[in-house]
Amino acid sequence: RTMPVATTNLRALTSWVGIARLSAVVLSCLTFSLVASTGLFGGPYGTWCMFTWCFCFTVTLLVLLLELLELYPLLPLSWDDFTSAFSMLAALMVFTSSVVYPATFISSPCSGNPCARQAVATTASCLCFLAYAIEVSLTRAKPGDISSFLSTVPGLLKVFEAYVACLIFSLLDAYSGKPGLMWCVAVYSICFIFTLLIIIFTVGRCLTYIPCPLEKMLVGYNFLALLMYLTATILWPLYSFQGQSRPNPCGPDCWWNKHLGVTFLTIFNLIAYLVDLIYSTRMVFFRAP
């Protein structure tokens with residue numbers, strides 16, 4: 001029995017997508033190395049930022065190696081969907097870390113060698129986000145091409161919706177005992193679960209086992225999710241801030257700031273589901289010949 005011969009695909013490194021991934025690997029490595037050298041990344045926010053840079057570095061490097069050695073066809077998943085979803089997720093995660101890290105750990109006035117390294121790390125993180133954003137734009141499906149669902153606008157929006165829901169979960173605080181807030185949490189949870197299942201089934205090539213027209217099912221789901229988020233957009237600020245003023249002082253862990261963050265994130269996801277519904281409807285009912 002002959003052994004399979006390993007081949008090398010240099011286009012994985014020399015194409016524009018490959019260059020963007022190489023840049024992301026170098027910049028994420030530079031970022032977490034500089035932050036680690038300062039030792040100033042304690043607490044939940046610092047841990048999240050460090051995890052983001054290390055996670056994106058590891059997965060992107062693995063993607064490059066699998067494409068360089070042409071081993072990705074052996075994996076039981078849709079490679080194009082996986083890489084599109086990951087690049088979108090990485091862009092969102094690095095963008096969040098690029099905002100959270102300097103806001104949390106860089107003090108004013110800023111001076112000295114540790115502060116300089118923090119500033120360079122923040123700059124490298126912003127450039128890393130730009131590299132992932134370029135990869136998303138390069139791999140995004142052209143109009144009319146639905147061979148890779150997660151590279152289309154509705155597919156990328158699914159990743160955005162799931163990520164924003166995760167941010168909402170991280171900010172939820174003191175909602176029990178209030179029916180309106182509990183309904184909002186149920187909305188966030190139900191929509192997150194269904195959106196995550198769509199992503200997992202797409203990457204795992206399991207959509208063919210769904211016994212109904214997938215495109216029309218997605219349109220129906222987006223419409224219901226839009227209505228549910230519309231109710232949450234109204235009820236969450238109504239029940240959160242009714243009859244309560246902002247505490248003074250109100251630090252980073254203040255319940256007011258968290259509830260305000262959930263309000264804005266709910267609006268972001270409402271807009272995302274609206275755009276998702278519009279694009280999905282156009283893809284299903286208004287296809288160009």
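Glycine too: its Cβ is placed from the backbone N, Cα and C atoms.
Unlike curated records, TrEMBL annotations are generated automatically.
What TrEMBL says about this protein:
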type: TRANSMEM; residues: 12-33; note: transmembrane segment
type: DOMAIN; residues: 12-144; note: domain 'MARVEL'
type: TRANSMEM; residues: 45-69; note: transmembrane segment
type: TRANSMEM; residues: 81-104; note: transmembrane segment
type: TRANSMEM; residues: 116-134; note: transmembrane segment
type: DOMAIN; residues: 149-285; note: domain 'MARVEL'
type: TRANSMEM; residues: 155-174; note: transmembrane segment
type: TRANSMEM; residues: 180-207; note: transmembrane segment
type: TRANSMEM; residues: 219-239; note: transmembrane segment
type: TRANSMEM; residues: 259-279; note: transmembrane segment
Here the stretch out of 45-69, 155-174, 219-239, 259-279 with the most C-beta pairs under 8 Å to the transmembrane segment (116-134) is 45-69
* Asked: Counting Cβ pairs under 8 Å that sit 6 or more residues apart, are there three or more between the transmembrane segment (259-279) and the transmembrane segment (155-174)?
  -> yes
Long-range CB partners for the transmembrane segment (81-104) (under 8 A, at least six residues beyond its ends), listed in sequence order, are 24, 28, 35, 41, 43, 45-46, 48-49, 52-53, 55-56, 59-60, 63, 118-119, 121-122, 125-126, 128-129, 132-133, 135-136, 139-140, 148-151, 155-156, 159-160, 163, 167, 199, 202-203, 252
Near the transmembrane segment (155-174) in space but 6 or more residues beyond its ends, with Cβ under 8 Å, are 81, 84-85, 88-89, 92-93, 96, 136, 140-141, 148-149, 185, 188, 191-192, 195-196, 198-199, 202, 225, 255, 258-259, 261-262, 265-266, 268-269, 272-273, 275-276, 279
